[in-house]
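Asks: What follows is a single structure, and I will ask about it in a moment.
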Amino acid sequence: MKDFNLFLLYGNSILPECILILSLIVTIIIDLISDEKNTPWLYLVSLTALVTSVVILLFQWKEEPVSTFFETFQINSFNNIFRLFILICSLLCIPLSIDYIQCTKTALTEFLLFILTATLGGMFLCCANDLVTIFVALECLGLSSYLLSGYTKKDVRSNEATMKYLLMGGASSSILVYGFSLLYGLSGGEIQLQRIVNGLLTTQMYNSTGMFISMIFLLVGVGFKLSLVPFHQWTPDVYEGSPTPVVAFFSVTSKVAALALATRLFNILFPSSSTEWHLLLEILAISSMILGNFIAVTQISMKRMLAYSSISQIGYIIIGVIAAESNNGYASMITYMLIYIFMNLGTFACITLFGLRTGTDNIRDYAGLSTKDPLLTLSLVLCLLSLGGIPPLSGFFGKLYLFWCGWKAGLYFLVPIALSTSVISMYYYLKIIKLLFTKQNRQLTIYIQNYKVSSYALIPKSSIEITMIICVVASTLPGILINPIIAIAQNTFF
């Protein structure tokens, strides 16, 4: 009874996560008692739980920062906004997956369980305040992502992607845990983040070699989750081999959660070593922007191209992490991350829809698509232009604000490189856009010739199209309504 009262006292702060846990239990029960394999009730339960969690989180928005469950979780505006981002990702990815699951005739229950579990792990990771909870939440997110990548068991490419993802993910987690063990030992046996800092000061180990080594290990572990160069090797293969809706999910969810973790870990644990980890992050960001954009130019697979594009995009976002000491550093990172979620998911919704109708992922096979499906063409064009940063779309204003904050923070070497590589990215985005409106060798490809779409092509009829339109609108309107978004982001603190 005492434990139950304690849960009621502290549980309010993690009520959104509790709703997701309840939905997981209900989903399993419905699957056990239902004779129908893919009952619509499963979608209803999952989407209702996610919407309820979003509403609860919005009601908790202005509450005072609090540490709950013996300082295991820390709830504040910074953590809440990243928890909200993860819920938005899941809320968009489930409708995006409905038609895919129906067409491929794969099991729905497992898919929803993995999505909800990964969402739960990501949300806990955003507010975890000790090393053990961080690792458990990270593995909850990671293991669910591994299982999702191998969701289509009979697909050889999916199995290969899962194996690569699992092996490299396990290696990065091992490195991260070793970094945690060094912090635990150097601080005199502390696991809570702020107590680790106090312990390091007490043991006079704060500027020791062991502390620097632990920082390197943490950077490697987090770099894998963020797909930063040179820890990106898994990304193209996993993106290409995994089911497209699954790629859409962990291309944003894992990055949101890992970004929240990296920002909190480095700013809380290494405040006096900021020069060192800022320099290391700058090197990784520059490598990611240059390598990601140059290799993306050579790709012929749409998913591999988006994989390298995502590597370069996270390089841009790192500018906001490094510039966090300025007044607008966090705000620029948060603003661009929100815009990136919609741009990226909108693009993946487009290629999911095209893949279901044609069965191909080759960029050349998109030639002449505008003659058959103007809605899909327009949506893909707007999302790609927004990713490239073309005004007046939201991607332009997000990048402009991000680069301006970086310049204001004194990143005079990093920002010009970001601007230059952003121009390079426009080449492969515009190359695809040109292809959509032209015919290959003056004739349509066999895939476009056999492309079937109803006469009411401009009216959305499927859940993928509805998700696609929501993402396209959200990738466009914030360019006009950017000031309120920035104002909300500027009120976000640890």
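Cβ from N, Cα, C; glycine included.
Residues annotated as transmembrane segment in Swiss-Prot, with sequence analysis given as evidence: 39-59, 81-101, 107-127, 131-151, 166-186, 211-231, 243-263, 305-325, 336-356, 378-398, 411-433, 468-488 (among others).
Give me the local environment of each listed feature.
Replies: Distant neighbours of the transmembrane segment (39-59): 15-17, 19-20, 22-23, 26-27, 30-31, 80, 83-84, 87-88, 90-91, 94-95, 98, 108-109, 112, 115-116, 119; these residues of the same chain sit at least 6 beyond its ends, with a Cβ under 8 Å from one of its Cβ atoms.
With a threshold of 8 Å between CB atoms, the same-chain residues lying at least 6 positions outside the transmembrane segment (81-101) that come near it are 16, 38, 43, 46-47, 50-51, 53-54, 57-58, 108, 111-112, 115-116, 118-119, 122-123, 126-127, 243-246, 248-249, 252-253, 256-257, 259-260, 334, 337-338, 341, 345, 348-349, 352-353, 356, 462-464, 466-468, 470-471, 488-489, 492.
Residues of the same chain lying 6 or more positions beyond the ends of the transmembrane segment (131-151) and with a Cβ under 8 Å from any Cβ of it are 72-73, 106, 110-111, 114-115, 117-118, 120-122, 124-125, 158-159, 161-162, 165-166, 169, 173, 176-177, 180, 183-184, 191, 193, 196, 225, 238, 241-243, 246, 249-250, 253-254, 257, 261, 265.
Outside the transmembrane segment (166-186), and at least 6 residues removed from its termini, the chain residues within Cβ reach (under 8 Å) are 131, 134-135, 138-139, 142, 145-146, 196, 199-200, 203, 205, 208, 210-211, 213-218, 220-225, 231, 233-234, 269.
Listed as Cβ neighbours of the transmembrane segment (211-231) (distance under 8 Å, sequence separation of 6 or more from its ends, same chain) are residues 138, 142, 168-169, 172-173, 175-180, 182-183, 186, 200, 205, 254-255, 257-259, 261-262, 265-266, 269-270, 273, 276-277, 280-281, 284-285, 287-288, 291-292, 307, 310-311, 314-315, 318.
With a cut-off of 8 Å between Cβ atoms, the residues of this chain six or more beyond the transmembrane segment (243-263) that come close are 78-79, 82, 85-86, 89-90, 93, 96-97, 100, 104, 115, 118-119, 121-123, 125-126, 128, 134, 138, 141, 145, 148-149, 151-152, 155, 158, 222, 225-227, 303, 306, 310, 314, 317, 321, 324, 330, 333, 337, 340-341, 344-345, 348-349, 351-352, 355.
Tertiary proximity for the transmembrane segment (305-325) is limited to same-chain residues at least six positions away from its ends with a CB under 8 Å from its CB atoms, namely 226-229, 232, 235-236, 238-240, 247, 251, 255, 259, 262-263, 266-267, 274, 278, 281-282, 284-289, 291-293, 295-296, 299, 332-334, 336-337, 340, 344, 347-348, 351, 363, 387, 399, 402-403, 405-406, 408-409, 411, 414-415, 418, 421-422, 425, 428, 432.
Residues 85, 88-89, 92-93, 96, 99-100, 103, 244-245, 247-248, 251-252, 256, 259, 302-303, 306, 310, 313, 316-317, 320, 366, 369, 376, 379-380, 382-384, 386-387, 394-395, 397-399, 401-402, 462, 464-465, 467-468, 471-472, 474-475, 478, 485, 489 of the same chain lie 6+ residues outside the transmembrane segment (336-356) yet bring a C-beta within less than 8 angstroms of a C-beta in it.
If you look at the transmembrane segment (411-433), the same-chain residues 6 or more away from its ends with a CB under 8 A from one of its CBs are 282, 285-286, 289-290, 292-294, 296-297, 299, 302, 305, 309, 312, 315-316, 319, 322-323, 363, 366, 380-381, 384-385, 387-390, 399, 403.
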